[in-house]
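Report on one structure; see the data block that follows.
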Amino acid sequence: MKKYILDVQLPNINKRLSYYIKSERDIESGSLVDVPVSEKSYLGIVESSKEFIGQENLSELKFVNSIYEKKFFNDDLYKLYKFICEYYFVTPSSALKLFPSFNMKLLSKNKVKISKKGQEVLECSLLFSDNLKDLLEQLNRREYDLSYIKSKYKDTFRYALSERLVDMVSETNIRNDKANLDLYKKADEIEKYENLSILNDEQDRAFKYFKGYLNRNSELSLVGTTGSGKTEVYLKLIVEVLKKGKNAMLLLPEITLATHFVDMLEKRFPNLVYVWHSQLGKSERNKLLNIITNLTEKIFIGPRSLIFLPINDIGIIIVDEEQSENYKQDDFIRYDARILARERARYNNCPVLYVSATPSVDLGKRILDGEVFSYYLSKRFGEFSLPKINIVKRNNFYGSFSEEFINSLKEVKEKKEQAIIFVPRRGFYPFVSCADCGELVKCKNCDVPMCVHVIKGKRVYVCHHCGYKFTTDPVCKKCSGLNFKQYGAGSQKITEELKNIFPDANVERIDSDSVNTYSKLKAVLKDILDGKIDFLVGTQIITKGLNFPKINFVGIPFLEPLTSIPDFRSFEKLYQLLVQVTGRAGRYSMGGKVVIQASEDQVPIIRKYTTISYWDFLLEELELRKDMFCPPFSYEVMFRWNGKLTEVKDEAKKFREILKEVYVLFENRDIKVTAPKFCPILRLHGNYRMYSLIRFKDKDVRKDFLEILLKRYSPKNKKIFIVDVDPLYYF
DNA sequence: AGCACGCCGACT
DNA sequence: GTCGGCGTGCTC
């Protein structure tokens, strides 16, 4: 046996630690190992190893506890981890935290048994404490669980271990777990799923087109009108992948909303579907993690974090609803699962398939550039036409319903169909201002207006950012006035109004206030499916994936003023929203109908966006972005400081000086810099905020630039500074 | 990165 | 006299 020294990266220590291991062969980088740190043991990753020759200094390093099989953290995950470090400029330790593998406990039972030395010591009755004697005598009878021995003997056990009086035994026993026996299915059984979906000609052509790409790495995209049956096409592709003995990964933006989709899949593919979501308990998670490493020919479904699971033999990665912003994580590490999916597909030499009715402009450009191979479904499945869209002009943004709107709802009620009413904001009144001077009531911690909610029949002022609440009317900060005017409408108010107008209708609301638990959501979704709900009011949450047969009407009482978010993606978001929301209507029958109420200045753009094709929209949007040097024509990085005013200002100033220095090194490299300035929302959670945005023509230049910049600039207090590569939110 | 240790200011 | 702030230093 040779001895090796391993450099190990742990998810909780920002420094590599070295350990010894005895092994016949060299240890590969990327191996998952269990190592001791202080008195505990942690999982880490081997970054490098070298053979140790000589005997000196042995006592300085500890030994690796155990080395995991490759499947628990395969090479593709190691590459993904390296990619995240480089692309997002984060420390190795924080990047590792993204991977559930490091929170995994092997389901094997760790046992303790007495060693030869221990037996000898016991037989000879050498001097030892009573505790130690008890321990050794107990273990001399049989093995015991590590956890039991640890809790009973603590320090004595540690001493016994260090003196090698006891040995640890571990056995991985997952394959024999009775509950998991049925998880191993033969590939030939899968063929019976092949003909479960009946595709129309167009879908079949799409399927055949993509089938040709299954054996290699490629970026694919399935674009199609809402209700064109994109799901059926990719399900059939999944079956193809399973037939090859490989796994399929399916990413969804919101797994909790997709319960009935998941139920459908489970019914259709019994024993083949595995769902990963944040609601899973610790032990369930752990069990799943242990099991999935052994599986092939399975379908794994989950939100963006699915991309980090130790799934082996991946044959396809599908990103459904590609346009969704949910794929970008907006705290901790600001990764984009769409980018990571692309990377992971490359490491697995398999395709990644983006699916959307309205692909992000970024993807759209790459389709036009020929980087992504796309197939377009133009017809609605079952020949149902797209809903008829009616735009009703109104003189203000908010308020209630036009005759048209109410009549449509009446019709829905009479026909015993269902309606969705989309409201952009939650709460009762989004704004309250002083009746005398007009000053908005704002949160004391944040630079945003307080909204009025009704909680248990009582009026409550709530801040949507920090959650700060108060119940009594405030005093105007500007003029000390006591009279307030509330205006606008949120989902709660719209719900109440509808209940008043339609006393015998069942009006239900879905937003983060009314539905805050998984079980509640499930109950509401079931009620919709069972036809118990007539009108469903909801915020953004209802725009994706709610496909219910009886929904034939979608109403939008008002849309927010277009100018409220000064952001180059506003048009993209509006377009996607309109297509997604209106697409909920009439998916399974004729005569779908949509009524959108809008202010006069909104009408032209809404009219345009509800009639224009995705491709025409894309071309127009690309033109605008090109002129403005916006993504996808540039690559962005944003820096933001969050903290006390003086601290933030000082740091931003320091940054500015360093930025200038680095910029000089990169002259004439197509870089556009926005020097640090205050954010449009000056304060959040009691912290002042500043930002700086840099745009690069070239992705590699961005990388080089950042490398130098971040080497020279590091804030005193790391907590106040964030780097956001490819930001989606700028406020 | 987290956690422990340690050295100084505002409280019973 | 104590609680608690966050500066420094360590983990193989």
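Quick reminder: no glycine exception, Cβ is built from N, Cα and C everywhere.
These come from TrEMBL:
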DOMAIN    A:211-377  domain 'Helicase ATP-binding'
BINDING   A:Cys434, A:Cys437, A:Cys476, A:Cys479  Zn(2+) 1 binding site
BINDING   A:Cys443, A:Cys446, A:Cys463, A:Cys466  Zn(2+) 2 binding site
DOMAIN    A:471-630  domain 'Helicase C-terminal'
At the level of the C-alpha atoms, what whole-angstrom distance separates A:Cys446 (Zn(2+) 2 binding site) and A:Cys476 (Zn(2+) 1 binding site)?
16
From the Cα of A:Cys437 (Zn(2+) 1 binding site) across to the Cα of A:Cys466 (Zn(2+) 2 binding site), what is the distance in angstrom?
26
Rounded Cα separation (Å) that holds between A:Cys437 (Zn(2+) 1 binding site) and A:Cys463 (Zn(2+) 2 binding site):
22
Tell me, how many other CB atoms lie within 10 A of the CB of A:Cys434 (Zn(2+) 1 binding site), whichever protein chain they belong to?
21
Sparsest-packed among the binding-site residues, when each Cβ's other Cβ atoms within 10 Å are tallied, from A:Cys437, A:Cys443, A:Cys446, A:Cys466, A:Cys476:
A:Cys437
Among all protein chains shown, how many Cβ atoms are found within 10 Å of the Cβ of A:Cys463 (Zn(2+) 2 binding site), not counting that one?
20
When you average the Cβ positions of A:Cys434, A:Cys437, A:Cys476, A:Cys479 for the Zn(2+) 1 site, which other residues in that chain have a Cβ within 8 Å of that mean position?
A:Ala435, A:Asp436, A:Gly438, A:Glu439, A:Lys477, A:Lys478, A:Ser480, A:Gly481
Beyond the site residues A:Cys443, A:Cys446, A:Cys463, A:Cys466: chain residues whose C-beta lies within 8 Å of the centroid, for Zn(2+) 2:
A:Lys442, A:Lys444, A:Asn445, A:Val448, A:Met450, A:His464, A:His465, A:Gly467, A:Tyr468, A:Leu684, A:His685
Pop the mean pLDDT for the domain 'Helicase ATP-binding' (A:211-377) in here, whole number is fine.
94
Taking only the Cα atoms, work out how far A:Cys479 (Zn(2+) 1 binding site) lies from A:Cys443 (Zn(2+) 2 binding site), in Å, as a whole number.
17
10 Å Cβ neighbour count around A:Cys479 (Zn(2+) 1 binding site)?
12
DSSP three-state assignment (helix, strand or coil) for A:Cys466 (Zn(2+) 2 binding site):
coil
